[in-house]
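Features as listed in TrEMBL:
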TRANSMEM  A:63-85  transmembrane segment
TRANSMEM  A:92-110  transmembrane segment
TRANSMEM  A:116-138  transmembrane segment
TRANSMEM  A:150-169  transmembrane segment
TRANSMEM  A:199-220  transmembrane segment
TRANSMEM  A:241-261  transmembrane segment
TRANSMEM  A:281-308  transmembrane segment
TRANSMEM  A:320-338  transmembrane segment
Amino acid sequence: MASAHARIPRHSSARAMLRATGLFGLAFVIFAAVLLAAGKDPIRAYRDILSSTLVDRYGFSEVLVKMIPLMLTALAVAIPSRIWLINIGGEGQLYMGALFATWAATYFAALPAWELLPLVAALGFLGGGLWAAISGVMRAYGWVSETISTLLLNYVAILIVSFFVFGPWKDPESANYPQTAEFVAAARLPTFFGTRVHLGLLIALVAFIVYHVVLTRTRWGLEIRAMGGNMEAARRSGIAIGRYVLVLMFIGGGLAGLAGVGEVSAIQGRLRPSLSPGYGYTGFLISWIAGGNPYGIVASALLMAVITAGGDVLQMAHRLPGSVVNILMALMLFVVLARRRVP
Amino acid sequence: MSVPFVESVLLGAILSGMPVLYAALGEVIVERAGVVNLGLEGVMLMGAVTSFASTVRTGSAALGVLAGATAGGLFNLILALLVVTRQANQLASGLALMFFGAGVSALLGAPYIGSRIAGLNPLQIPGLAHLPYLGPLFRSDILAYLAIPAAALVWWGLFRTRWGLSLRAVGENPAAAYAAGYSPPAIQYQALFLAGLFGGIAGADLSIGIVKTWAEWMTAGRGFIAVALVIFSRWHPLRIVWGAVLFGGAVALQLQFQARGAPVSPFLLDTLPYLLSLGVLLVWAGGRRHAAPASLGRVFEGTK
Amino acid sequence: MHNVEPLVALRGITKSFPGILANDRVDFDVYPGEIHALLGENGAGKSTLVKVLYGIHQADTGTIQFGDRAVQIRSPHDARRLGIGMVFQQFTLIPALSVVENVALFLPHLPAVLDHGVIARRIEEVSGRYGLAVDPWAPAWRLSVGEQQKVEILKLLLARSRVLILDEPTRVLVPHEIDGLFRVLAGLREHGYAVVFITHKLPEVLTCADRITVMRGGTVAGTLVRAEATERGLVGLMFGTAWPEEGSSRREPIRESARPLLELREVDTSGDGVSLRQITLTIAPGEIVGVAGVSGNGQRELGDVILGLTQTAGGKKIIHGQDATRWSVDRIRRSGVAFVPEDPLRMLIVPPLSVLENMALADTRKYARHVGLTVDWIAVRRDLEQSTRRLALEMLPPAVPAGTLSGGNVQRLSLVRELSIDPRLIVALYPTRGLDVRGATAARHLLLAMRNRGAGELLISEDLGELFSMSDRLIVLYRGRIVGEARPKDTTVYEIGRLMTGGVAGG
């Protein structure tokens, strides 16, 4: 699996958005047919999804909650992809971030919030970052392609989390539930407006701005774009490619780790083995659809979050299995994947 | 070690190893043809739900297996359409296929949640089935007996036939295969269909052979494990058997340890197949370079 | 000697590509039982001609006669069906497959179930007959280059080819392998095969060819039987006589006393491609050292070693008096070393980035402000303008993506960028290849101007005229070694040409 094979397409955002809208429309039509075949009223289903996600205040807050890990894990893919690295390890990096964050929250529980929270977040970043950096090292030395190693390390990370949650870190008070003790209040990320929307949203948006600014304004961004545009020229211009492989994998993994921080510290308040319903993989697909474009990632993450939230609606109001929305998500991906390439 | 302990570990190893083995045998075929299918999870789910539903409807587990295999094969053609015909990114297409399979199987399977079936019957081999220690090997269902012959068949097909040679050539260097007069797209379509059959059987084994119920996401990551096993085996069908035994053994040991309250963590044991896969790749890195099919994951653009 | 009909006869083959007439009314015959050498420098049209014969290209005009009938060869499949096979410079063996499998893949009428033993026996039978011994069970990646070539030839023989085209078959071989190949070819000739082989190397031609066709500038300069051919005569046909044979004397003398800018001491490399062996070389300020050689004899590797892209396997590299053997590319560049490449769009310029951004890549550290948080675009632009002015070129539009510039402008951008640092040492790798006359003259002029300002230069080129007119000193690379060194005024094109093609000095 060579590095150059997953060329993530990049095109001008306005035209891309227009094309994407048309393609997604097609996916919605096909999914409507699927719903019809299942004996459901597609128009009512779509209306219900819309009214309970984008229109409803609480519903929209839940969409935002889901967007946070999706945006972060998508960035975790998009950043290394700038120099042709394929990180499918967002899921594992998210788990490692959560693990490190839980450790910090437990062992420094006595610290005041203004010290503890940054520590929790920093360790979460470090956990995800180091996990990805393992793959980065193996790639920089040309031992194992990062595609394979990030994939394999996903399972290892999830199992390590299970080990701690079922074993040494298991909360003795929660009987048979495999979970750690609840975080102290000082280790909980603040939430806003009485919803579950938490500080992670702000962190994710800041990450996007930093990503954009670093890429377009700084010396490092220039070098990254040079590597993305012509690796051979970059090498001959004296850019230290191995170092960038490491650093970009670390940063990407760190952002996925922050997604894990959000889940444990704000949403669940403790570490559980089933931390993520595949955010890492969805993040990969989001980054892929958006072609690494920051606005595209936010828009696609919003779309995917609405669809995920829509699953709950279909389940409750239409008595369909919740994962049926995966069909809609996959259809959207199919139409994007199968589209005719713009030369 | 007591007889019951060994017997339960062995039984457990067979049960948890089989579906993964079948799925990995399919995956090794497509990967040898230069395609990665990360959507194996979805293929297995389709096989599982189709075979379960057919078994409930017809009462015949054999028809169930057949239906599951067919569903898996046809389902994989979606991937063929995307990555071969439309030359789409293989990793993204595979993941999308996984989500698709999860959704479609959930929809199709909804009416069958809670249904009970007899499923595949264990076939006892007279005289052997009650051996101490090894007995469980001879009280398995037909799919378990066929697993190793299937691995041998895949090996034979890949390494002893013209078709297998051309398939491996496509996976290594599609342009060279084309120059030799073979059609890379046609071969990749065939490989994906065949791999789908295996993935479907893997799913069928799970739903009507082992668990005998249908549940959403019942594959629980086995598709990904199969992908890892292919890497672990360094793309060789016979070594996949060892990988599956290792994986199944780890799971079975884990269950036994858990039941007995032994101080070995099941989860750390479970990381073994993955870490070993990575270790295998690390050991071979820099040495022999040609373990993975050289054109794996790339798009064949034709000759011009 | 030709009392038989030719096996293949090409008549009036003309083939043009955009902007270049590669073959101009070429006639070419191949007889059974002959080894026919196709000689000429790069770009003379040899490859195009054989690719027409093998069906990769279709001639614009002209006919191909195969035996007694006219044929159309539209694809390599057509060619192979006629019994025409070709061994490319880049072998097409699949490394992961065994020799048996690689051969089987190309066999016509392969049975559905393979019997590897039968194929192996056929391989051994044929390889025994022609001295192509190779282990049929070995995986191709384990074969030496010479063995891989044998397998390529075996593939053709077992697929019943009668005409074998070998594209520079000796380029990758070591001397005893070359002798072996010639014995193989002689054996094939005895059995009535026709062999067409392309080469640059005169001694080989004179050793093994029955007939020699020399091409120059897309036309046939002459076809000789071996008995008629001499080295001098062939060199004359190959290179023509249009070039100046001696360096002009218009240049100021080298400052002999100055400390050398670059010293290589017994440098070896290892790795894919050609390995350098025991290279010892100095470049002084104000000196252009020209590197002559047929491409693929270690020129690129030499440039890469100096630029720090390839690590040395032995020996020492000294830049400006400091041991630079382990320096990074970045460090070497910052010490004042610039690179003028053959194909800047591939090797130096990043197409999606703007002209200005490409300019900044010359030294991103220099243009970084606030630890790198911002880039001093004003300084970049100032340097771009300054360097452009100094080189007396027209200013390029700074905001335009470099990929949209014309070829000449890309070349200009790369020169402006690389020479903006006022380099003390310049490595120029085929700097004028692919440029039109005006562009090439401008590039040469710039390189001379830099030299006159005191820069040392390594000029790697295949254009002997260019090397003779620009260099203060010439070295000749052959198979990764320096096989000769001379001042242009003390030698001749013939002498250098003989060294380049493997002849012995002074012969």
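Placed from the backbone N, Cα and C atoms, the Cβ positions cover glycine too.
At the 8 Å Cβ threshold, with sequence separation of at least 6, the transmembrane segment (A:199-220) lacks contact with the transmembrane segment (A:320-338), having fewer than 3 such pairs. The stretches the transmembrane segment (A:63-85) and the transmembrane segment (A:281-308) meet in space: the count of Cβ pairs below 8 angstroms, excluding pairs fewer than 6 apart in sequence, reaches at least three.
Distant neighbours of the transmembrane segment (A:241-261): 68-69, 72-73, 75-80, 82-83, 85, 87, 89-91, 93-101, 120-121, 124-133, 135-137, 139-141, 146, 189, 200, 203-204, 207, 223-224, 227, 231, 234-235, 275-276, 279-280, 283; these residues of the same chain sit at least 6 beyond its ends, with a Cβ under 8 Å from one of its Cβ atoms. Among A:92-110, A:150-169, A:320-338, A:320-338 has the largest number of CB pairs under 8 A with the transmembrane segment (A:281-308). When each of the listed stretches A:92-110, A:150-169, A:320-338 is scored by C-beta pairs under 8 angstroms to the transmembrane segment (A:116-138), A:92-110 comes out highest.
Panel annotation: around the transmembrane segment (A:150-169), residues 86-89, 91-93, 95-96, 98-99, 102, 106, 131-132, 134-135, 178-180, 271-273, 275, 280 of the same chain, lying at least six beyond its termini, place a Cβ under 8 Å from a Cβ of the stretch. Panel annotation: around the transmembrane segment (A:320-338), residues 20, 23-24, 26-28, 30-31, 34, 38, 40, 282, 285, 289, 303-304, 307-308, 310-312, 314 of the same chain, lying at least six beyond its termini, place a Cβ under 8 Å from a Cβ of the stretch.
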